[in-house]
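As recorded in Swiss-Prot:
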ACT_SITE  327  active site, nucleophile
ACT_SITE  429  active site
DOMAIN    246-437  domain 'GATase cobBQ-type'
């Protein structure tokens, strides 16, 4: 089990790399995360929903993503509550206290999934969540040491040296663990190191002498990896590699933004100057503004208005700019969004931005499906997925954005296009991941001679580079011996 001293220490990436190394060696390997809290998710082969990192790890392992890889997924709807997803299906919304009481039920789902994986695979790399040293979360823990103790799983602790304080993080985390939990930690991995590792050696010697546990590797900082992010927005809000005549793309960093992996292909595109715009920052000039998915559409609509984005969008459209709304962003572009059942917050109805003539009602049932099709205006093929709890109706849907294959072998429309051709809205995530669709959409937004980039191929190359790096910078013999 890979646990971290902090969030974003590198657990997800390390598990992905280890899965790829095991796959190369001919080992039947699977990733597993007992409990995940994330707004980036993926649709599985069995029609459920799991964290995006586990879907990436499944690619690394060479297996289909399915719900047993992440049996408990929490999707925050506010600072105090989250939608609880068990075995891929949304069960309920709970606040933090109520979920704490629900954990024994959730743990049963975790153990059931783990048992099925254990029966099917030779090796399972388990990813922890956050840090095991959160004293207030120790009772009924199902994500870190609570799980490791229950199934007798060895632990490797990873820490991010780029943030500073790595030795304090590692020794401090150990100090917060019980004796049995400390004994379960078999060694350390130091992640994101820059510089001459020989200068780090005195610290490594001290750490091993202090704890009696080996340092199993020092992994260098890998720039430019094209891998799906677990939850947080990328550290660099602007993609820096764009050409001088690049298309300017801007996305507001909504408080409840979901599936921002939709934009990874744009961030990697050499002809796109991509910006996330945080609260309080003035949006830069743009050719294309994209309203992203949201786990709280009403709250994020209020945020957009409070930040002046309604006026920004109005001015942008007046001068010929293009706008795309994806999932929750699509819903925001309509007349109104009704939440009669309190799916995302208090029941109620809010006025949308009003640029497309449709209205959305949030429902208790969630749509989860992988889709294929094409853009309605040209032959650009797409392959993506839907994750939403809304039903949208209105005249604007008569001019769809996409034409998708349905279950009967026919075609069904999705989304809407404005009459002037400046606005596209769709429920489909992963819109830019397919090379042909990405090139077509960038050309529609104003990019001359738009190139097609193969984002899945970039991701595959990054997984190979990651595995190559781990093969060099982890002491793999010592690693395998340490975890038994």
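Cβ from N, Cα, C; glycine included.
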Checklist entry - Mean pLDDT over the domain 'GATase cobBQ-type' (246-437): what is the value? => result 96
Next on the checklist: According to DSSP, collapsed to three classes, what secondary structure does the residue listed as 'active site' have?
Outcome noted: strand
Next on the checklist: I'd like the Cβ neighbour count for residue 429 (active site), meaning other Cβ atoms within 10 Å of its Cβ, all protein chains included.
Outcome noted: 25
